[in-house]
């Protein structure tokens with residue numbers, strides 16, 4: 001909280017420094033959430049002391065200044081930034097101010113993409129200039145680089161002068177690949193996709209931009225001479241020119257509809273192809289927009305409804321080591337608890353000791369932590385400017401934390417080689433029951449942990465000796481649940497050979513390699529290293545891993561194959577796939593279903609379907625539960641076949 005004019009001036013200077021690093025240098029010093037918190041405190045102080053507002057306050061200007069790297073270029077019409085709202089009450093207040101004066105107003109809602117704003121100027125149907133937002137009045141001319149963005153049309157079917165505005169982004173998938181390349185090359189990593197997009201767009205060498213797989217998603221227009229009546233009409237016109245459509249776009253009439261779409265976006269956020277940080281809300285009627293006008297910095301007819309933060313700063317207070325099924329040791333940081341998106345986070349993965357060394361992460365460091373859905377949070381980088389001498393190196397362990405067996409230290413990974421290590425056995429069983437292995441429904445991590453604690457199982461063979469009374473000893477198990485699990489275990493017998501090979505959890509051998517091996521018959525694992533090397537796609541590491549695994553586990557493998565009697569081919573499974581209406585079809589699931597979506601997704605994948613998180617013209621089926629949200633409207637718009645849960649179950653039953 002700012003208490004004096006002196007603190008107010010200091011806060012302005014600090015926020016301007018943060019903005020410079022974020023917008024101009026592409027090197028954020030703090031997370032978006034921390035910046036927003038500091039900014040809101042500044043704004044609150046100014047609301048109480050309006051006579052003392054400084055012209056250089058970040059509340060009075062749009063984020064970036066132009067640098068010396070590119071020529072400056074003015075926008076024909078100013079590019080504004082949006083005011084933020086952070087909760088229901090702030091949104092309600094914003095809506096009431098508009099609806100009180102304009103009760104008939106409607107609102108266009110769309111995802112707020114976390115990228116770099118770009119203004120494209122077209123004259124006589126040709127792209128003539130591309131300019132970053134900059135300070136809103138002028139930006140940096142990046143035309144050569146923009147022309148390397150694949151989905152920006154160089155020509156459009158409209159001859160008038162028009163500015164088309166949108167966000168330059170990099171998909172999560174391409175961002176991860178880019179950072180992996182930089183890690184391998186010992187280059188500094190991008191902090192997040194937004195900074196990767198900005199750094200890639202503002203390259204002096206446009207060939208680098210070309211390689212970065214940037215995308216442009218339009219969200220509006222600047223200067224033009226068209227007679228639109230609504231904002232939605234304007235967006236539809238942009239798409240008709242050949243630009244990408246905005247996914248999850250919706251037209252809403254009241255607070256509840258807006259909230260529903262906001263929470264739909266939060267639910268779909270993790271599966272969305274790009275990083276989102278909120279939802280943009282814009283008054284649809286252009287005559288109302290004109291009457292509402294602008295503040296010093298922002299339009300009064302639009303706002304950004306921000307998501308809860310997924311990125312925070314905290315301190316590493318310790319490191320523990322976990323053991324995987326292959327024996328690989330994964331270091332996990334113990335953190336000072338920090339709330340991220342409604343969850344209290346107290347640990348995050350450090351991946352491996354090679355990465356710790358490359359990123360120069362130390363014990364007692366302040367670090368940037370991100371959370372992605374239900375996956376364990378991860379540490380992006382240390383904040384070296386916070387170091388005070390109390391930090392020290394995170395040492396590689398020499399013995400297994402579970403069985404105390406001496407560890408093998410390779411260049412990247414550290415391994416426990418004890419095949420009877422309890423941690424390895426437990427993780428092996430979790431993999432054995434997983435969806436790409438034997439797919440035993442109801443046999444998840446927590447159940448396997450309980451079975452180990454009760455000393456009911458020690459390896460996969462023990463699963464098939466379990467009795468009803470054994471399972472009744474487990475927490476929350478009653479007769480029906482216990483019987484269902486026994487039935488699922490029994491059903492896993494006679495699996496396709498590739499599934500059983502994959503279930504063994506052999507290092508370097510995944511689903512694809514298992515399918516290749518299965519083509520060579522039931523005795524394939526007895527082959528020599530030379531014979532494995534002759535197989536398509538198999539290298540030295542894979543061949544040696546297979547030979548070593550079989551040599552160490554011959555008796556276990558023979559017993560397991562005898563008990564489960566795998567099918568020599570998966571012809572039955574492939575036949576079911578090929579006869580399935582869902583084979584090679586793209587399917588999206590939405591809304592509330594009677595079973596978890598993941599369970600239906602697995603059933604459909606087993607029938608050859610491809611599961612997607614977003615609806616497009618390429619979607620074949622939408623499975624719609626209760627409260628399907630905007631995906632249903634989008635599916636209907638694209639002519640996608642829509643099935644409710646009852647219809648889906650009927651079709652699945654027909655395939656049995």
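Heads up, the Cβ atoms here are built off N, Cα and C, so glycines get one too.
Feature annotations, reproduced from Swiss-Prot:
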- 112: active site, N6-AMP-lysine intermediate (ACT_SITE)
- 32, 33, 34, 35, 36, 81, 82, 133, 167, 306: NAD(+) binding site (BINDING)
- 400, 403, 416, 421: Zn(2+) binding site (BINDING)
- 577-656: domain 'BRCT' (DOMAIN)
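Annotated features taken from Swiss-Prot, shown on the structure.
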| residue | record | contacts (Cβ under 8 Å, 6+ apart) |
| --- | --- | --- |
| 34 | NAD(+) binding site | 312, 313 |
| 82 | NAD(+) binding site | 280, 298, 299, 302, 303, 304 |
| 112 | active site, N6-AMP-lysine intermediate | 276, 277, 278, 279, 280, 304, 305, 306 |
| 167 | NAD(+) binding site | 113, 115, 116, 117, 118, 216, 217, 219 |
| 400 | Zn(2+) binding site | 323, 329, 406, 407, 416, 418, 421, 423 |
| 403 | Zn(2+) binding site | 416, 418, 420, 421, 422, 423 |
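DSSP places the residues of the domain 'BRCT' (577-656) in helix, strand and coil in these numbers: 32 helix, 18 strand, 30 coil. Sequence-ordered, the extra residues of this chain that approach the Zn(2+) site, with Cβ no more than 8 Å from the Cβ center of 400, 403, 416, 421, are 323, 327, 401, 402, 404, 405, 407, 417, 418, 422, 423, 424.
Of all the binding-site residues listed here (416, 421), it is 421 whose C-beta has the fewest other C-beta atoms within 10 angstroms.
For the domain 'BRCT' (577-656), the predicted model reports an average pLDDT of 84. Taken residue by residue with DSSP, residue 421 (Zn(2+) binding site) is part of neither helix nor strand, so it is coil. Look at residue 403 (Zn(2+) binding site): DSSP puts it in coil. DSSP classifies residue 82 (NAD(+) binding site) as coil under the three-state reduction.
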